[in-house]
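I am attaching a structure below and will ask some questions about it afterwards.
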C-alpha cells in the first residue's frame, strides 16, 4: 500500500510539473524546450563572463605563443575576447576532465568550446521553444522559421567553419575586435566579397534594414483618424492611445505616388510576409555561403589579369581585391621562430662583424 501511494505521489508531482511548464498562463512560458534552454544558456553565459574577465592566455595556434584575451590580462572592453580552443586540440571534444589539470584546460582554450557548444544547444532550444509556444497558442510557426536565420548564421561561424577548417582554433572569437578579426581574415582566405551567396546576404541585411525603416515611418505617419478640413491631421492621433488608427490605404496611396503605383502593397499580409522573408532569406544565403567556404569552396578568383593587345595589365576591381587579400594574408601569417622563445628573448650576444684573420 505504501509503495502504491509513493508511485501515485511521484506521478502526480511529474504531472503537475508538466502542466506548469507547458501552461500559457505563466508570466514567462517555459515549455519542454525551456528545460533544455535554461541550464545550457546559463552555463554558456556564466563561463563566457568568467572567461571574458579573467581567462589566462591561450595557445590558440598551438605553437607555444599564448594569446591573452581577457580584461585582467591587459585588454579593454573592445579588445577583450574569448580566445578559441588551441589548434593542438583540433576538433577533439575537450571537456574539463579530458585535461590533466584545470591550468592545462585553460591554456588550451577549453572555455571557448564549452561556451560555443552550450550556446548552440541553447539557441536551438530557444527556437524549439518558440515553435512550442506558437503551437500551444494555435499560431502558425513562422516566428521560429524567421529565427532560424540567425541560428543558421551562428552555427555557420561557430561550428561548421571550424569543422571545415579542421580545428576549433579557426572559429570566430567571442568579442568585439575578435569578430572583426574573423571577418577581415575570412576575406583573403576565401575571397568572400566575390561569393554570390555573400552578396545575397548583404542585400538581405541592408535591404531588410531599409524596408523596416520605410515601413515604420509609413505606419507612424498614417496613425491618424479622419479629421475635418479645418483641423490639422496631427490632431487625429494622441501619443500612447490604445485604439488603432493605422490606415494602410493611406500608406499605400502615399508610397504609390512617391515612387509608382505597383511599388507599394495594398495587402497587409503580403506586405509583412515580404518584410519577414527578405532579410531571412538573405541571412540563410549568407550562412550557406559561410558553410560552403568552410570547405574551401571559395568566392570567384580572377587570378589572371586582363591584358591589352600589347600585353599590359588593365587594372580592374578584381586586381585591387587580389592585392588587398594578399596584403591581409601576409600580415596574418603565423610567425615561424627558429629558436625557442626563452632563447630568442634572452640577453643579446655579441657577434663578430668581420671574419678573423687566418694564420698561414
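Placement of Cβ uses the backbone N, Cα and C atoms for every residue, glycine included.
Pulled the feature table from Swiss-Prot, pasting it below:
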type	residues	note
BINDING	118	chlorophyll a ChlzD1 binding site
BINDING	126	pheophytin a binding site
BINDING	198	chlorophyll a PD1 binding site
BINDING	215, 272	Fe cation binding site
SITE	161	site 'Tyrosine radical intermediate'
SITE	190	site 'Stabilizes free radical intermediate'
TRANSMEM	29-46	transmembrane segment
TRANSMEM	118-133	transmembrane segment
TRANSMEM	142-156	transmembrane segment
TRANSMEM	197-218	transmembrane segment
TRANSMEM	274-288	transmembrane segment
Under 8 Å between C-beta atoms and at least six apart in sequence, can you list the same-chain neighbours of residue 215 (Fe cation binding site), or say none if there are none?
271, 275
Within a 10 Å radius of its Cβ, which of these recorded positions (118, 190, 198, 272) has the fewest neighbouring Cβ atoms?
272
Given the recorded positions 126, 161, 190, find the one whose Cα is closest in space to the Cα of residue 272 (Fe cation binding site).
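Considering only the listed recorded positions, the nearest one is 126.
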So among the recorded positions 126, 161, who's got the most Cβ atoms within 10 Å?
161
Cα distance, the residue listed as 'pheophytin a binding site' to residue 190 (site 'Stabilizes free radical intermediate'), nearest Å?
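Cα to Cα, residue 190 (site 'Stabilizes free radical intermediate') and the residue listed as 'pheophytin a binding site' are separated by 32 Å.
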Compared by Cα position, which of the binding-site residues 118, 126, 198 is the closest one to residue 161 (site 'Tyrosine radical intermediate')?
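Given the candidates 118, 126, 198, the nearest one is 198.
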Would you mind pulling the DSSP three-state label for the residue listed as 'chlorophyll a ChlzD1 binding site'?
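DSSP call for the residue listed as 'chlorophyll a ChlzD1 binding site': helix.
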How big is the gap, in Å, between the Cα of residue 118 (chlorophyll a ChlzD1 binding site) and that of residue 198 (chlorophyll a PD1 binding site), rounded to a whole number?
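Cα-Cα, rounded: 27 Å.
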